[in-house]
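Student: Quick one: this structure, given as structure tokens, is what I'll be asking you about.
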Amino acid sequence: MMVFAFWKVFLILNCLAGQVSMVQVTIPDTFVNVTVGSNVTLLCLYTTTEKSLEKLSIQWSFFHNKEMEEPISIYYSEGGQASAIGQFKDRIIGATNPGNASITILHMQPADSGIYICDVNNPPHFVGKNQGLLDVTVLVKPSKPFCTIQGRPEAGHPISLSCLSAFGTPSPLYYWYNIEGNTIVPVKESFNTATGVLVIGNLTNFEQGYYQCTAINSLGNSSCEIDLTSSHPEVGIIIGALVGALIGAAVIICVVYFARNKVKSKQQKNLNSSTELEPMTKVHHPQQSEAISADGVQLEGTLPSSIHAGHNTEPTTTAVLEPEYEPNPPLETTTQPDPEPEGSVPVLAPEAEIQPHPELDPETETEPEPEPEPKPEPEPEPELEPDPQSGVIIEPLSKAGEDTVKA
């Protein structure tokens, strides 16, 4: 180590210079075991040929493990002034009497296990054995081990049981037992006490039931239990949970699917109904005009037959009113005597009846709306020639809704 090499070189130089002053360090207990959480005193005694102790220095260093390259300083005292450093701050109390370089460490923890170095110097005394080493181990009771199963716990399958404690110093040994009622019996199969692994070649050849693993060291023991059966309940629980989750997901998907289809079907039905009702509101006026025009043609066609029917009787004249194209014109029945020649008979104009609107053909509800036809222009009425037998001439009236009869 570099520290030791330095002191050896320094010792050789002092010897060559003729110096004979020496410091001697003694370690009573090289190996120290301490229980976790307790206090420990690390003894380090020294002697010096120099009477004066004013320049005496004491230093403690620590190796957490042997792989550390350099030790770390945890305590230093010189001239009556002392201080603790690092993870040991406020946890170290140093001795004050001459010849004693011991320290007491409070509340030891597992991380405090390692190598401690006591180094004493009293200039000009640099010759002699001024260092001492102590190996300190913090003892920890085994923590509760973890029992696990490797392999499938089914008949005919090889499996193994393992047992491991996270903490425990010294390292615990592991033992397997079979629980039969209130009795704990060591297993017949062989197992590794250092690793805690119990190998079972064939589950059918192994007695089923509860098994216990116990971790033991010098401070105590801890145990864990495991249930080993061919039909392990944990496997059934996991399978049941998976099946239940899949069924639940399938039900939710089906409900959402049918609900969306129902909403879409209802929306489509409402859309079709509104499309069918649109042409029904636009078919009244064109058919009404056509109906009025047809009635006018029918009245016009009946005029000659009425006149010819009375040719062997007294001469009579029937006036026919042509329907107006204006909607619902008020019609009056009047008789206006015009200057007529003798022998003519006035004829009363019949009262025009307002034709009711024709009922809609049910077929038009489903047919698209017809395009409105252009309104036909009224044809000029032909002039009526006098009937040679009756001598009556029909002329249209000058006012709406009236006719004049001339003989």
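Glycine residues also receive a Cβ, built from the backbone N, Cα and C atoms like all the rest.
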Student: Looking at Swiss-Prot, which one of C163, C254 makes a disulfide with C213?
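Tutor: Swiss-Prot lists the disulfide between C213 and C163.
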Student: To which residue among S265, S273 does Swiss-Prot attach the annotation phosphoserine?
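Tutor: Looking at Swiss-Prot, the phosphoserine feature maps to S273.
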Student: Where Swiss-Prot annotates a disulfide for C118, which of C15, C44 is the other cysteine?
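Tutor: Disulfide partner per Swiss-Prot record: C44.
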Student: May I ask you to name which of S274, S306 Swiss-Prot has annotated as phosphoserine?
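Tutor: Going through S274, S306 one by one, Swiss-Prot flags S274 as phosphoserine.
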Student: I'd like to confirm something. Which of the recorded positions, N39, C118, C213, S274, has a Cα closest to the Cα of N221 (N-linked glycosylation site)?
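Tutor: Checked the recorded positions N39, C118, C213, S274; minimum Cα distance to N221 (N-linked glycosylation site) goes to C213.
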Student: Calculate the distance in Å between the alpha carbons (Cα) of C163 (disulfide bond) and C118 (disulfide bond), and round it to a whole number.
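Tutor: So the alpha carbons of C163 (disulfide bond) and C118 (disulfide bond) sit roughly 40 Å from each other.
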Student: Rounded to the nearest angstrom, how far is the Cα of C213 (disulfide bond) from the Cα of N39 (N-linked glycosylation site)?
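Tutor: On Cα coordinates alone, these residues lie 32 Å apart.
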Student: When the domain 'Ig-like C2-type' (145-229) is classified with DSSP, how many of its residues are helical, how many are strand and how many are coil?
Tutor: 3 helix, 47 strand, 35 coil
Student: Minimum Cβ neighbour count within 10 Å among the recorded positions N39, N221, S273: which residue?
Tutor: S273
